[in-house]
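Below you'll find the structure, written out as structure tokens, and then a few comments.
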């Protein structure tokens, strides 16, 4: 069986442009190259030799004709299959070396093996062995800028051999070197040819071309001279598949390393990109904490009145006039409500402002004439002394229980228990002090108050019996709506008309909580705009990065990177920026929230807003990083390599 050519071209043409503007660069090229040959393709600038090499190296596609590699029709291969072919069978040695400046010599050599899925230990050892064999054993950790031109070209040759290098394309490999380095590179290529590698050398220098056993000359896109093929006698090296255990996890690990290296290479730009994400995340966390703190503060204030309470007030829903001028609630109403099953306590309240006097001190406070069951109904305990009793209420006793603010105002340096104070020219004995309650939902001081028996207050202070409101404590909060309906029916039966209103504190708390939640999320939405702006910043920077690194993308594609590998690399950079920015934003958001809280603003931090803000930052990075990453993945290898 006769040997099969490694490369077979039939009537290959390549034109740039379309229609009448099309410019032919290659015209009907027919060519066979056998395994193990050392071929020099010569021609002046503009002859089409570099275009031919790009087609042979699967960096470009012919406009017409057929290209077979090792018997396989290359035109039938998709982008990823072409990438695998470049990775496993080809090696490129470029005139400008095309080494990645941010990577060491060994890391540059390892690139093809990374995309082949070779195990890290295996590829480290192989790269070191290749570089040592090329006289660079002491330059493994040097970056391209620290190497001479000849040394950089040897690194390029080692990279071409990393996956076996069955076919090596050398495009003007001596064009940027001095004579000594040029001779060294030519010697290396000759040695590789003797070892069985197929070498295709692109040059315009006849002296360089003489080292090849076969010379092909191209002029004006046509093959004008071919010294003839020579059947190989050397053993043909197979593509090196050792150590290739392709792993998705390994792909992500390498993409992460590359992303860290890329971001570190331009710290200032990375910091500016991070800033948008940091501000966005910190703003969301801070605004939501402030909004939730305000909501919780209002709800807590209302809850201090008791969430199991129903407030019955005089005046119908449509009745005009102030509540204080309406006299529709009377003592018999609260007694009737007390008889309803499920009512823990119904207490009357008759309130109004009065001036108190003790010794030479005057103080204005609210007087609340109420029932002895007030502490139970309002869940407001006495901390000193005792509350007045049913007997005190029945006997019209002149006793008083003070709120904390009132007690501190009238008795700053002594205990008020047993002392007497004057209210509306009536002398009351202080028998107790209430626990501190704090501000009401309206911001009023609930502790600036004096409690007296309802009977005493209505007769001796206010001179009236009608009530300002009835507070109803419900035994089972799940029956609030049911008890509210029973109270409504009872009062309707007694009054005949709806000259009262009932307020359900549980419903009020729920309504206010929902309203505050809406405001909280509104604040969060406003803050999220900055997060959106940060995401757009990520996209802008990534687009700039793709433009700046177009040549790097071309180098990676030439060494075997698939579209997925490029997409993965730039997506990883985007989400890494977003993740780092998100974490910093969370820390700053927590710190800012605590500082604001220390200044007296109510705040409430929970894990959900932090997780939400970080998750949004992460998702924003992926979303806005996808377009630049996709653009990078779909670049044409030959155009990317030609980019400056």
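Note that Cβ sites are derived from N, Cα and C of the backbone, with glycine treated the same way.
Reduced to three states, the DSSP call for residue 44 (ATP binding site) is coil. Long-range Cβ contacts of residue 44 (ATP binding site) within its own chain (separation 6+, distance under 8 Å): 204, 219. Annotated ATP binding site per Swiss-Prot: 43, 44, 45, 46, 47, 48, 49, 50, in sequence order.
Per Swiss-Prot, the feature domain 'ABC transporter' maps to 7-245.
For the transmembrane segment (271-291), the residues of the chain that approach it from at least six positions outside its boundaries are 516, 519-524, 526-528, 530-538, 541, 577-578, 580-582, 584-586, 588-590, 592-593, 596, 601-605, 609-610, 612-614, 616-617, 620-621, judged by C-beta separation under 8 angstroms. What Swiss-Prot lists as transmembrane segment is 271-291 (among others).
Away from its own ends, the transmembrane segment (526-546) comes close to residues 262, 269, 272-273, 275-281, 283-284, 286-288, 553, 570, 573-574, 577-578, 581, 613, 616-617, 620-621, 623-625, 627-629, 631-632 of its chain (Cβ-Cβ under 8 Å, at least six residues beyond either end). Feature annotation from Swiss-Prot assigns transmembrane segment to 526-546 (among others); the stated evidence is sequence analysis.
The annotation transmembrane segment is assigned in Swiss-Prot to 570-590 (among others). For the transmembrane segment (570-590), same-chain residues at least 6 beyond its ends with a Cβ under 8 Å from one of its own Cβ atoms are 252, 255-256, 258-260, 262-263, 270, 273-286, 289, 534-535, 538, 541-542, 545-546, 605, 610, 613-614, 617-618, 620-622, 624-626, 628-629, 632-633.
The feature transmembrane segment is assigned by Swiss-Prot to 607-627 (among others), with sequence analysis given as support.
In the three-state DSSP classification, residue 49 (ATP binding site) falls within a helix.
The binding-site residues in question are 45, 47, 50, and the one with the fewest Cβ neighbours inside 10 Å is 45. Mean pLDDT for the domain 'ABC transporter' (7-245) in this predicted model: 87. Look at the binding-site residues 43, 46, 48 and count other Cβ atoms within 10 Å of each Cβ; 46 has the fewest.
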